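Q: I have a structure here, written as structure tokens, and I will follow up with some questions on it.
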Amino acid sequence: MDATTSGTGHSVQYHNIVEKPLSLTFQRQQRHCFGESTPGDFPLAAKPSIVLHVLTGCNLEPQDLASLEATCSFFRKPANYPPDCNLSIAELAALDMCRKRAIFKSVSPEEGEIIKRRCGGTWKLVLRFLLAGEACCRREKSLAIAGPGHSIAVTSGGQVYSFGSNSSGQLGHGTLEEEWKPRLIRSLVGIRIIHAAAGAGRTMLISDQGHVYAFGKDSFGEGESGAQGSTLVTTPRPVESLKHIFVVQAAIANFFTAVLSREGTVYTFSWGSDARLGHQTEPNDLEPHPLLGALEDIPVVQIAAGYCYLLLLACQPSGMSVYSVGCGLGGKLGHGSRTDERYPRLIERFQALNLQPTVVAAGAWHAAVVGRDGRVCTWGWGRYGCLGHGNEDCESVPKVVESLLPVKASHVATGDYTTFVVSDAGDVYSFGCGESSSLGHSAAADDPAAAQGNNRHANVLRPELVASLKEKKERVVQISLTNSIYWNAHTFALTESGRLYAFGAGDKGQLGVELADQTERAKPERVDVDLS
């Protein structure tokens, strides 16, 4: 039956396949990929486009492509096919999948070769680098950011909504008025945003073209005296000093800001007057400085900033690794001491744990990592139980959260003495400081009559399932919570369907709704915005 006359109403197109009459004579013949068989056999090498279409259409992982090369000579021999006739079919498939990424579409051949060299010399390793960045940062997907008093929500199509506190213009609407409901930033309509970062009184957005837009306080870091920039920016404005760098991620700390380039290079602003980040600059310096040291020739896929330190997830041919730099108080740099590090230093503990890091999270004073096998490690200041080890002790090296071993984790988020873990099944666990009801436990406490003997502000020393989210019967894919010591925390849970749920502090409208006679909400409620 012809496809156009079936029940679907859609025609199926088969391109470049020559129709031949069916032969009903069956013969046993040895068929080879390169056509070294009886004349008339169809060699795969004669139509490499078919093979490429199958490989790229299946979205194979880089390790799958490497396995094909290892097990069959057809996949490792030169394919004699453009754009590079010397590449194998597996390498061409990896290159094709790289080109499908928004951030890679504008890469010139020369830039591509630079990225390939940094990643280890093959397009399969470049693909692994790109996929790792997308997985840990939700790049090119919908996301929500629970900033200090204000909130940013990005749709899968790249539109941006903001709401909450706006004392510095950090909502980007051209005013200083608070917004109690999600409001579209209209000046960005037509620009696809793929990543966002929020700090105290400032916001940074990154487009699929690598451009950075900033608004709010015009500084890239607070000084120790608490001074801010001389002017306030109330609408998104391109960061001129970054116009020659294709940026894919930003992280805002208290004393500095860091950005990550498409090539995996990290640049930092401010907080370098005492070479705290390996360079000598004034606190109000508006120029980015490349992060020197061990990572100069190693591509980074994710950056995470705490109050006064930076974590970096690096991608090497041998595997993933984590580096840290900055203030070491509380052991939050993970090296077994409390000393500062002016240059990025490898956290060696993961090798002893045989854990391949895939996601890093930097809380104000503590940090967390998820491994490829789903294990979760935490370290740093353990106040209020934010490390999940059943006590409030500090840990100066990463330690596996034993009570989470039955759970395969896929995502982790950290705040000010608070930690959330998302399982591969979409369940959410939280532990640490219960202030502002931001852990999501004891949801019934929203009812004063039901709150007796049910303290929604109680600290949690070990991971507990957030039952109030489980009741939504939706798979959670991202958690974001306030990472600041100056603001009461609020929390976002983003589901696979694009629904956004919020709970915690809501005194400035950061929950996306005006609370009646309350300043916080323990029960997750849906925010009136569709991020799908």
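Even glycines carry a Cβ here, placed using N, Cα and C.
Whatever TrEMBL says is automated annotation, not expert-curated.
Relevant sequence annotations retrieved from TrEMBL are reproduced here:
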type   : residues : note
DOMAIN : 145-447  : domain 'RCC1-like'
REPEAT : 158-209  : repeat 'RCC1'
REPEAT : 210-263  : repeat 'RCC1'
REPEAT : 264-316  : repeat 'RCC1'
REPEAT : 320-373  : repeat 'RCC1'
REPEAT : 374-425  : repeat 'RCC1'
REPEAT : 426-497  : repeat 'RCC1'
REPEAT : 498-532  : repeat 'RCC1'
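Burial and contacts for the listed features, if you can.
A: Shown for the repeat 'RCC1' (210-263): DSSP residue counts in helix, strand and coil, namely 3 helix, 24 strand, 27 coil.
The average pLDDT the prediction assigns to the repeat 'RCC1' (264-316) is 86.
Tertiary proximity for the repeat 'RCC1' (498-532) is limited to same-chain residues at least six positions away from its ends with a CB under 8 Å from its CB atoms, namely 142-144, 146-147, 149-151, 153-156, 161, 163-165, 178-182, 436-438, 440-446, 456, 466, 468-469, 472, 474, 481-482, 487-492.
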Q: Using DSSP, how many residues of the repeat 'RCC1' (158-209) fall into helix, strand and coil, respectively?
A: 3 helix, 24 strand, 25 coil
